[in-house]
Amino acid sequence: KENRSRTFRFCRRWFELRAMCQNSGMLENSNPPPPGLSKGAVHEGMAQFQEMMRQQLESSMHAELEKLLNTAAGEEREVSRKDFEGFKNLFHRFLQVKGPSIEWIKIQRPPEDSIQPYDKIAGTAPPDNVADCLNKLVVVKLNGGLGTSMGCKGPKSLISVRNENTFLDLTVQQIEHLNKTYDTDVPLVLMNSFNTDEDTKKILQKYTHHRVKIHTFNQSRYPRVNKESLLPVSTGLSMTGQSAEGWYPPGHGDIYASFYNSGLLEQLIAQGKEYIFVSNIDNLGATVDLHILHHLVNQPNGKRCEFIMEVTDKTRADVKGGTLIQYEGKLRLLEIAQVPKAHVDEFKSVSKFKIFNTNNLWISLSAIKRLQEQKAMDLEIIVNPKTLDGGQNVVQLETAVGAAIKCFDNALGINVPRSRFLPVKTTSDLLLVMSNLYSLDAGSLTMSPKREFPTTPHVKLGSSFTQVQEYLTRFESIPDMLELDHLTVSGDVTLGKNVSLKGTVIVIANHGDRIDIPAGSMLENKIVSGNLRIMDH
């Protein structure tokens, strides 16, 4: 307690002095220093004080982490010790950051050949050695998220999305289809978090007789830190009671260290695997693409591509998505969190930054091993502020998997069709993938040929539809949406069987009203509002 209190006082004093110096102009070149002090002396004094503060904060953090380790024993203690080594490194780098990780003036457009159109890669003849290519591949799905945003308990990957199939079911079906079709052995690897690991492992038993080898490893468990004291909020390693809120999985950028530390990466390399295809498990468009795989595997030796990021054209719905830039001679991912406030609108511009990262990534296993062993994986830190249930303000230090693109040799972007980016984040997305806009074949969703244009409708369901269970009760059957452009539904609304929606449809039930769209209705370019009840007679 005394250690935390002392660190808090140091920390507060650091920020007070820093602010005082900035306000007085001591850190500005245009203002003279106080009498008797040179500018150099002021800056040197500030630098020394900040370094002393950093050392004090790190020392206090290390002491607190050691106390946390002493609350457990055996395997849990050793796993946590390994996790804490990664956290210490992240915390050290966090304290070293002196300003924005990007200088806006240095940003350049990527060279023409660094982002290739998918058509150019897909235009080549299909490879004869498909099986050879596939046998070098491992499919990795990021499976650390919960379904809480859609009102579901447990891992998001276990939510039913189509014909009673879950995200995980569809993934297994896709890979099994490849293995059966080409007589190959493409394994599936799930990166779980402490939130999803137990439930996922229970469900994996159902796939025992499928032709897919499934491996799992856990991403790290890091301590949330108090926003003011910069010390862990948890008092023990336990995941029960009050301590549970003190931990978080540190973003998908943790894949490199966790994969390496698990021993699984080494094991797969020993089996002759060369590349991983990584994607979010809730992106139903992220299937193994044989053209991209062939392009990757058949690069000339001197120019072996170690990292491919799939990007796609940005629309107004994607303005916050990370984009690729050229920065200091390297291809680099620029996230909105790194953008200075004065340039946020410019970053969101569809005309200047035309593409965004789908988080479908193809990465060399041997390159991951090399970079981990050289400790050369330098990912920008994302500082994610949170407020706990009790009102306590905390900070999570996270990293993004795509940020590593700058660390790999001959990295490349491929501008893929929008169909490869089909994430299901909300029930509005769920309605699209459950509808007749898509057909399902061997675990893969493809746009129906009956749809006359390739873009998906814009769907916005109100708060009454947020939770999956309530959403399902409001549709007696999923409407025909083949000719739909835009759908907005708000308030207490239900839709009967065999409803057809075309063009732009807006249904708004005001507070206290209810609208029941009758079975068999066809709504085309209609606004429905007010009160409409269908009662059983």
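Every residue gets a Cβ built from N, Cα and C, even glycine.
Summarising the annotation, TrEMBL assigns UTP binding site to Lys156, Gln219, Gly251, Asp282, Lys425. Cβ contacts within 10 Å of Asp282 (UTP binding site), excluding its own Cβ and spanning all protein chains shown: 22.
Per TrEMBL, the feature substrate binding site maps to His252. Around the Cβ of His252 (substrate binding site), a 10 Å sphere holds 24 further Cβ atoms from the protein chains shown.
Residues Lys156, Gln219, Gly251, Asp282, Lys425 are listed as the UTP binders, and the farthest two of them sit 21 Å apart at their Cα atoms. It is Lys425, among the binding-site residues Lys156, Lys425, whose Cβ has the fewest other Cβ atoms within 10 Å in the structure shown.
Restricting the binding-site residues Lys156, Gln219, Asp282, Lys425 to those with a CA within 10 Å of the CA of His252 (substrate binding site) leaves Gln219, listed by sequence position. Counting only residues at least six positions away in the same chain, the Cβ atoms of Ile382, Glu398, Thr399, Ala400, Val401 sit under 8 Å from the Cβ of Gly251 (UTP binding site).
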